[in-house]
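Novice: Dumping what Swiss-Prot says about this protein:
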SIGNAL    1-19  signal peptide
LIPID     20  N-palmitoyl cysteine
LIPID     20  S-diacylglycerol cysteine
DOMAIN    140-231  domain 'PpiC'
REGION    285-304  region 'Disordered'
COMPBIAS  292-304  compositional bias 'Low complexity'
């Protein structure tokens with residue numbers, strides 16, 4: 001819970017502007033509103049003002065675009081859900097302060113912003129009937145398989161030869177498989193549906209007519225697998241009508257998790273014609289440049 005509140009704190013910061021001039025002076029303009037100096041106040045303004053201006057702008061635009069979709073009651077319910085995870089109010093307040101959040105009122109604001117961003121992601125995560133049907137078809141068939149995983153192809157070929165000559169699959173798996181999770185069970189992976197294993201593994205495991213057969217070595221990112229499919233079946237009482245809502249929700253959550261918040265911010269800035277009036281803030285609003293710099297940093301770290 002502390003980690004959750006600490007992550008929330010990143011959105012919560014409200015800084016005091018040390019620069020001179022009126023607090024009503026706009027630093028960002030957009031259709032139907034503005035962000036002024038009072039929105040980004042703090043003594044740390046000189047260092048963090050640009051980033052705070054960006055965050056305040058995005059908060060206001062999220063509110064403008066999605067505010068009607070998040071009610072006060074929903075926010076209050078989320079706050080209560082969080083508070084209920086603490087033994088008492090004192091510990092809750094202490095954790096808030098540790099996370100840099102002054103009080104419960106401020107926490108409500110932070111939580112509301114997160115809920116607005118979630119709404120924005122959901123708007124970009126529509127699920128089609130075909131996607132639901134495809135996932136249903138994936139899930140209704142499950143197979144049971146065992147495998148032996150080794151690092152080198154030469155070792156996999158030698159093991160396959162042993163098996164072709166009558167070697168015991170379970171005994172060899174226990175002795176030689178590097179997948180410690182299944183090796184102790186003779187390589188048994190149990191039943192699984194499509195989407196649970198890597199693609200190369202599934203391409204063999206879900207092929208028709210492979211039950212009881214032993215595959216040639218199959219290469220994946222983990223090494224070389226020798227697979228034995230021992231059963232294949234369709235789930236009982238598993239209908240599209242019963243599973244549709246669950247699948248739709250799961251797909252929407254998966255899609256939402258893949259949405260880049262910067263894509264949301266770009267579309268909002270374009271829609272509301274955001275103009276950065278303060279030249280010191282321009283880089284904070286240049287998301288393409290920031291993403292480019294992050295990629296360069298990641299490449300440099302990988303090379304080290």
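Glycine residues also receive a Cβ, built from the backbone N, Cα and C atoms like all the rest.
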Novice: Express the predicted model's confidence over the domain 'PpiC' (140-231) as a mean pLDDT, rounded to an integer.
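Specialist: Reported value for the domain 'PpiC' (140-231) is a mean pLDDT of 96.
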Novice: Per DSSP, what is the residue count of the compositional bias 'Low complexity' (292-304) in each of helix, strand and coil?
Specialist: 12 helix, 0 strand, 1 coil
